[in-house]
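Q: Pasting in a structure now, in structure tokens, and then I'll have a few things to ask.
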């Protein structure tokens, strides 16, 4: 074969290989990693819809013991959780044994202890579903339904880093007040025929209580992580200053990610990729308020970034706050598994998948159609950003193979 023919054949082979790689990176099923991610996606789909009122099929353990055993360094719950519906049902219905003001923070919440000694955080309804929070992307009260939706999105994305959340209705007069501490009781008041409370927090005011409809209050309950897994708080490297006219370094320094890569725990291990995953998660839900985050203590940077406190999400369906994606577009890297999952969700329909996952929650419908449509629109924006990175620096430098799954102790 002549030299020119050999060169032509070689170029053709390289072209075909390049096209095959592009196909696989766009959600194809031919690669080993693609097949693995597809199997994980199908398993998620199969267990997506959780029946309301489910119960454990055995009595050897309580729902709280089951959920506590799920927690590991890299997941709050595993990908195979046939008891998930029963645990969420228990969270939504178990008798309240004690009620107190919420742990320290800026937003109104209550700490409830359910039958069997399980702690949960209750966030009350403050807005109707159609209410649009204007102003800064982190403005407004916490949205209880956002916590519910964010938990199910965490399941769908395959991150499994968000504590369990379910909607719940409570009777403030019969379920909460009889078991409330004096500190919480002192914040109860009546507005007309509606029972209200304002709790204790940085922004809690008697003039701005959360009110039930009569005595019945809608809210969300978040399962407290087991005490054997103490948390450590970290300042988010892409956090905002929250001061007018004062920019954080990442807001004006396009090379900021290079500096982050030299700082522990981002200089080794999975933490930086967790931050980038989280930026995608936060952009999809419209959460621009992750100024801090939690991991497990003494982890040396190996444990996950835990997706706590997602209630400043789903405030304005028309606002796509691109700055939330700064870790992604400044570092220009993301896990292959995340890229594959996003492409599968693009083809299957993210909003339809999330709608199905939330269908049987006690406070359904959890999101309006406009918020669900915003998820599909934002997903396309995330994928376009990743493609821009691949075009600029190549797929091998953008898509990172990192499937660290540390064993349970």
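Quick reminder: no glycine exception, Cβ is built from N, Cα and C everywhere.
Keep in mind that TrEMBL annotations are predicted by a computer and have not been checked by a curator.
Below, the features straight out of TrEMBL:
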ACT_SITE  289  active site
BINDING   107, 123, 222, 223, 224, 225, 294, 309  ATP binding site
BINDING   142, 309  Mn(2+) binding site
DOMAIN    190-398  domain 'FAM20 C-terminal'
SIGNAL    1-20  signal peptide
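Describe the structural context of each listed feature in the structure shown, including burial, neighbouring residues and relevant distances.
A: Taking Cβ-Cβ distances under 8 Å and a sequence separation of 6 or more, the neighbours of residue 289 (active site) in its chain are 137, 138, 312.
Spatially close to residue 225 (ATP binding site) yet at least six residues away along the chain are 71, 76, 163, 231, 306, judged by Cβ distances under 8 angstroms.
The Cβ of residue 309 (ATP binding site) lies under 8 Å from the Cβ of 105, 290, each of which sits 6+ residues away along the same chain.
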Q: Just name the most isolated of the binding-site residues 107, 222, going by other Cβ atoms within 10 Å of its Cβ.
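A: Least crowded of the binding-site residues 107, 222, by Cβ count within 10 Å, is 107.
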Q: So if I draw a 10 Å sphere around the Cβ of residue 142 (Mn(2+) binding site), how many other Cβ atoms end up inside it?
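A: Counting Cβ neighbours of residue 142 (Mn(2+) binding site) within 10 Å gives 26.
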Q: How big is the gap, in Å, between the Cα of residue 224 (ATP binding site) and that of residue 142 (Mn(2+) binding site), rounded to a whole number?
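A: Spelling it out, the Cα of residue 224 (ATP binding site) and the Cα of residue 142 (Mn(2+) binding site) are 18 Å apart.
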Q: Between 0 and 100, where does the mean pLDDT of the domain 'FAM20 C-terminal' (190-398) sit?
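A: PLDDT averaged over the stretch: 96.
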